[in-house]
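Below you'll find the structure, written out as C-alpha cells, and then a few comments.
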Amino acid sequence: MAVKINENYLLLKSSYIFAEIAHRVDKYQNEHPDADVIRMGIGDVTRPLPKAVVNEFKNAVDEMGQADTFRGYGPEQGYDFLIEEIIKNDYAPRGIQLDNDEVFISDGAKCDTGNIQEIFGLDNVIAITDPVYPVYVETNIMAGRGGPMGEDGKYQGLVYLPCTEENDLVPALPQEDVDLIYLCFPNNPTGTALTKEQLAKWVNYARENDAIILFDAAYEAYIREDNIPHSIYEIEGAKEVAIEFRSFSKNAGFTGTRCAYTVVPKELMGYDGEGNPQALNPLWNRRQTTKFNGVSYPIQVAAKAVYSPEGQKEIKESIDYYMKNAEIIRESLTNIGLKIYGGVNSPYIWVKTPNGMDSWEFFDTLLDKAHVVGTPGVGFGPSGEGYFRLTAFNTLENTKEAMSRISKLSF
Ligand code: PLP
C-alpha cells in the first residue's frame, strides 16, 4: 500500500502570491534588462539591526564559546530575562499585569499564528478578515478546517469578514456562529488600525458568544495615534477571550534573526467534549515543550537589548524612517487622485485601483509604466480584488523615485 499524503495540502491554492510576483518581475526584467525596477511590495524590513542589539548579540555568542558561560538547551518557553523585559516594557506601562508563564518566546509570529490552531478542535468555525495574512487561512486548510475552495475564491468551511471600501475596511461582526476569530491590527495588508472602541466591540462579541480572538499585533510599533490600542489586553475582559501575538521582526528588524512571543493568559478557557472548561495556557505550553526547543540564547539576549535605552532610540529612528516613507506614499498617491488607506499607524498602504482595474492589471501597469512592483490585493483574499498593497520598507530614495514615476502616470 502506497504512503498516503495529507490531502488537505492539495486544497491549497497552488501559487503563493509572492512566487507569482517574482515570476512576473523576472520575466519582465529578462525582456527589459535596462528597466530599473523598484520593489514596493516587500513585507520585509530593510534597515539593519540596532547597534545596541548587535553588540549584545555578539557578546552572547562569545559566551557560548566559553566553557564557563556556555549554555545548552534553554527553557522551551524562553528565558525569564527576556520575558521580564517584555512584561515590564510592553504590558505593565499599559496597566496590563502578566505572569512570566503567560508569555511564550518563539522564533516567529508566523510559526505561532500558524501553530496555534493545533490546540483547538477541528470542528471549530474559523473567521478571518478578508483580505488577510494568508498564514491564518492556509494553516487551517492544512489542518482540515477549511474544505475546498469555491468559485468565489473562498474556502467553503471558513467565514470571511470582508473589509472593503463599503465598510471603510473595518470588518463587521460575524452573522454566523464562529468560534475562533483571527484579527490583525494594525492590519497587514490594509494598513488600517482599530480604535479602542472598535476593538472593544470584538472583545464583547467574543465574551458574549464564547468565541476566542487570535490577535496578531506584529505591527504594534507603527501605531502613531493615541486612541489605537497596542495590545488587545488594553480592552477590559480581553484576557478571558484573546491570545496575542507579537514579534521583534517589524519593530526591531528581526525578520532574519527570528524572535517573537505569544501571550496566552491563564484565564483563557476552551471546552472539552463534555463541556468542561479547560485552560488553554497549559495546552500551548504542552504544544511548545513537545514540538519546540526554544529560541537560541544569543537571539534572546539580542531581543532583550531592544528594550535598552539605546535599542529603543534606534528602533524609533528606523520606524520613523519607514513612516516618513509611508507619508510620502500617502501624499503622492492622494495627490494624483487615488483612494488610499493605511500608512498612518502601519507601514502598509492599501490602494484602491483606479478605473475598475483588477489587482493584477494594476500590478502589470505599474511594472510596465513605472517599473514599480507592489502586491496585488487579490492575493490576500477575494475582497482584496481591486486593491493593491504598497509598503514603506524601501529606502527613502527609492520611495521618492517610485512615487515620482507613478505621479507621472495618468489613470
Ligand atoms: N503576522 C503578520 C500579520 C505579518 O505580516 C508577518 C510578517 O510579514 C508576521 C506575522 C510574521 O512575523 P515573524 O517574522 O515574527 O514570523
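Cβ coordinates come from backbone N, Cα and C, glycine included.
Owing to the predicted nature of the structure, the values given are computational and were not obtained by experimental measurement.
According to TrEMBL, the substrate binding site annotation covers Tyr16, Gly43, Lys110, Tyr133, Asn188, Asn293, Arg389. Among the features that TrEMBL reports, domain 'Aminotransferase class I/classII large' is placed at 36-406. What TrEMBL records for Tyr73, Ala109, Lys110, Tyr133, Asn188, Tyr219, Ser247, Phe248, Ser249, Arg258, Asn293 is pyridoxal 5'-phosphate binding site. Among the features that TrEMBL reports, N6-(pyridoxal phosphate)lysine is placed at Lys250.
Annotated features, which come from TrEMBL, shown on the structure.
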residue: Gly43; record: substrate binding site; Cβ neighbours (10 Å): 17
residue: Tyr73; record: pyridoxal 5'-phosphate binding site; Cβ neighbours (10 Å): 8
residue: Lys110; record: substrate binding site; Cβ neighbours (10 Å): 20
residue: Tyr133; record: substrate binding site; Cβ neighbours (10 Å): 22
residue: Asn188; record: substrate binding site; Cβ neighbours (10 Å): 23
residue: Ser247; record: pyridoxal 5'-phosphate binding site; Cβ neighbours (10 Å): 27
residue: Ser249; record: pyridoxal 5'-phosphate binding site; Cβ neighbours (10 Å): 22
residue: Lys250; record: N6-(pyridoxal phosphate)lysine; Cβ neighbours (10 Å): 26
residue: Asn293; record: substrate binding site; Cβ neighbours (10 Å): 11
residue: Arg389; record: substrate binding site; Cβ neighbours (10 Å): 25
C-alpha of Lys110 (substrate binding site) to C-alpha of Ser247 (pyridoxal 5'-phosphate binding site): distance in Å? 9
How big is the Cα-to-Cα gap, in Å, between Asn293 (substrate binding site) and Tyr73 (pyridoxal 5'-phosphate binding site)? 7
CA-CA within 10 A of Gly43 (substrate binding site), subset of recorded positions Tyr73, Ser247, Lys250 in residue order, equals Lys250
Tell me which of the recorded positions Tyr133, Asn188, Lys250, Arg389 ends up closest to Tyr73 (pyridoxal 5'-phosphate binding site) in space, Cα to Cα. Lys250
For the domain 'Aminotransferase class I/classII large' (36-406), what's the model's average pLDDT? 97
Cα distance, Asn188 (substrate binding site) to Lys250 (N6-(pyridoxal phosphate)lysine), nearest Å? 12
Pairwise CA distance, Ser247 (pyridoxal 5'-phosphate binding site) versus Asn188 (substrate binding site), rounded so that it is a whole Å: 14
Just the number: how many Å between the Cα atoms of Ser249 (pyridoxal 5'-phosphate binding site) and Arg389 (substrate binding site)? 19
Tyr133, Asn293, Arg389: which of these binding-site residues put a Cβ within less than 6 Å of any ligand 1 atom? Tyr133
Would you work out the biggest C-alpha to C-alpha distance among Tyr73, Ala109, Lys110, Tyr133, Asn188, Tyr219, Ser247, Phe248, Ser249, Arg258, Asn293, the residues that bind pyridoxal 5'-phosphate according to the record, and give it in angstrom as a whole number? 34
